[in-house]
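Single-structure report; data block below.
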């Protein structure tokens, strides 16, 4: 049984989930099925990933009467995309994700980014010069108020944030009727986010790490940046503990108290990524730095 984190709502959120960002259509269904079959109970989704319909096909094959799992066994997160921040668009956007995922409610719905793009169905609305067309008339506080109505309607059990900094979190908290329960941000041993994680915890938000293994294919990676999974210090620890480099890093997140959502479409790796019980791989679970120098 994977460890869970208790959210401020009292919900139990599994500490390891399957990430679906950059999982291609035609692959993500089998990835979700593989994950559910090896005891993942947390699936992280988003409208902007353009694969929720396929995720929903997998969920429908495993959840329900006469099937291996009940809906309440699984924690499902989705996210509101930037083109749907206008308060009039929020409910329809949520319902579209629910329809694609074949669910009647979400366990968690996040505001994907703190900025609004121009309204419409174009994922990345751009000008002729390639710059993004923003909606400067819609503030994330107004979007949040519309998301709170989703909780009141029972469409989602909790709401949260993604890619918000401490100032923006405080801004939301100052007006929130339903407090955000999670902030999802990029986090891994090369980007530890010590201060932001501490600030989130101090305000009652859990933290979810996306790109928890460094994800060398993330769009903003710098040319020549080292690959975390190939770091000789990580590889050395993995050898000492007879684990994969990914398992060492995932265990680091869990010992830290940070939820993580590693992405894979390879069944063997999906299975390995949740097999992180056993001996601790660093001594101080609250230490802010990866234990590259810790002996086995």
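Here the Cβ of each residue, glycine as well, is placed from N, Cα and C on the backbone.
Annotations in TrEMBL come from automatic prediction, not curation.
If you look up TrEMBL, you'll see 49 marked as active site, proton donor.
Counting only same-chain residues six or more apart in sequence, the Cβ atoms lying under 8 angstroms from the Cβ of residue 112 (substrate binding site) belong to 46, 48, 79, 80, 81, 82, 162, 163. For 112, the entry in TrEMBL reads substrate binding site.
Model confidence over the domain 'NADP-dependent oxidoreductase' (16-275) stands at 95, taken as the mean pLDDT rounded to a whole number. Per TrEMBL, domain 'NADP-dependent oxidoreductase' is recorded for 16-275.
Marked as site 'Lowers pKa of active site Tyr' by TrEMBL: 79. Around residue 79 (site 'Lowers pKa of active site Tyr'), a 10 Å sphere centred on its CB holds 28 further CB atoms from the protein chains shown.
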Which chain-mates of residue 49 (active site, proton donor) that are at least 6 residues away have a CB under 8 A from its CB, listed by sequence?
20, 21, 22, 23
